[in-house]
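Trainee: My questions will all concern the structure given below.
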């Protein structure tokens, strides 16, 4: 009875009748197959006449001994079949034909992988997050490792803009971590400043979002001419200038304007200009900076509203005053036929839009009303004092009306009669006595 081969009991129940014959590990890939152990040399040396003597009967050609069997050779890593003599050059081949020898389907000597190819494969290998060694070296600010990996990328003709699972390139990570030297190195090596992340933002958007004017300067200086487009919108419809205005980074705004960014560019969703974004963020310094560089103060969004509409509706008094002084049109109508004066809710904003508060802010006194000028004249004050009336409410502080709040028009002064004195009639008929009704003329003496 044939014995069970060694190791068969460890492989589980199998049908020995249908099991193919083969060496252990034959089902594994070539690179994972175990190496063949070298067997010891036989005790008896082989005679010069080998197994080919039967093929060479009657041949006078001397026998060329081949290499011994079971010698460790490179092909042993890939081929598990029987070993045969190898003739590397034609001069070492025998002078007789080798008959009845099977031809191997592939070469027995496989070329070994070059160490440089292994380094390139290791440099471009990704982990479970999609990060390559270049991503990790950039985040760790390892300049030497980045130089080495970039040289391997160049030798292997690989792209520097490799995206991880978050659609971030090594350049994006360098900008996020605020590494201007790393940004300059990557852009010089061929990284594109226009590569988009998962939010549609370029490296320029990210530099403005993270308030990094140094990285923005490195991007704009290292990029080749024509490779940077400052009017690219992200998935929110914002340009890099919109992002810089929203984050309040004035240095980034100045850099973008110096490089030719459109100061009146509108976002795609609402049509707001950078000036309207600055007004809605209540950023007075940013509004003044944009107006100083020529922003259109009357630019309208898709709804027809301007920056003055936004400032008036929100009651932003300093911004309303700045926009009005810069030439904003207070009569401009939006799609609902509303002017900034109509959407304003604050009385002080209304006064600024009507032009009244501008004179009060300059230090000039408001013009007196006709009734107040008549009552404040010396002639009227003498007549009032002769009839027992108070010439001014300042003589009785307890009865004086409260003062007006700053910015509101002054209320006309009223004259009050003393509560203890008897009301005296004025010498001429029809004269007003304070806020009351006109006094009827007194009847003439002797009249019925």
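Each residue, glycine too, has its Cβ placed from N, Cα and C.
Straight out of Swiss-Prot:
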- 1-54: region 'Disordered' (REGION)
- 39: phosphoserine (MOD_RES)
- 129-161: repeat 'ANK 1' (REPEAT)
- 166-195: repeat 'ANK 2' (REPEAT)
- 199-228: repeat 'ANK 3' (REPEAT)
- 236-265: repeat 'ANK 4' (REPEAT)
- 270-299: repeat 'ANK 5' (REPEAT)
- 303-332: repeat 'ANK 6' (REPEAT)
- 333-362: repeat 'ANK 7' (REPEAT)
- 356-448: region 'Disordered' (REGION)
- 361-376: compositional bias 'Polar residues' (COMPBIAS)
- 369: phosphoserine (MOD_RES)
- 377-398: compositional bias 'Low complexity' (COMPBIAS)
- 396: phosphoserine (MOD_RES)
- 400: phosphoserine (MOD_RES)
- 411-423: compositional bias 'Polar residues' (COMPBIAS)
- 425-436: compositional bias 'Low complexity' (COMPBIAS)
Trainee: Apart from its near flanks, which chain residues at least 6 from the ends of the repeat 'ANK 3' (199-228) lie with a Cβ under 8 angstroms of it?
Mentor: 171-172, 174-176, 178-181, 183-184, 187-188, 192-193, 234-236, 238, 240-241, 243-244, 247-249, 251-252, 255-256, 259
Trainee: For the repeat 'ANK 5' (270-299), what are the same-chain contacts with Cβ under 8 Å, counting residues 6+ beyond its ends?
Mentor: 237, 241-242, 245-246, 248, 250, 253-254, 257, 263-264, 306-308, 310-311, 314, 316, 318-319, 322-323, 326-329, 332
Trainee: Taking a Cβ cut-off under 8 Å, which residues six or more beyond the ends of the repeat 'ANK 1' (129-161) line up next to it in the same chain?
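Mentor: Distal contacts: 116, 119-120, 122-123, 168-171, 173-174, 177, 179, 181-182, 185-186, 189-192, 195.
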Trainee: Tally the residues of the repeat 'ANK 1' (129-161) by DSSP class, grouping H, G and I as helix, E and B as strand, and everything else as coil.
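Mentor: For the repeat 'ANK 1' (129-161), the helix, strand and coil counts are 20 helix, 0 strand, 13 coil.
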Trainee: Restricting attention to the repeat 'ANK 3' (199-228), give the mean pLDDT.
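Mentor: Mean pLDDT for the repeat 'ANK 3' (199-228): 94.
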Trainee: How do the residues of the repeat 'ANK 3' (199-228) split into helix, strand and coil according to DSSP?
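Mentor: Going through the repeat 'ANK 3' (199-228) residue by residue, I get 17 helix, 0 strand, 13 coil.
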Trainee: According to DSSP, how is the repeat 'ANK 4' (236-265) divided among helix, strand and coil residues?
Mentor: 17 helix, 0 strand, 13 coil
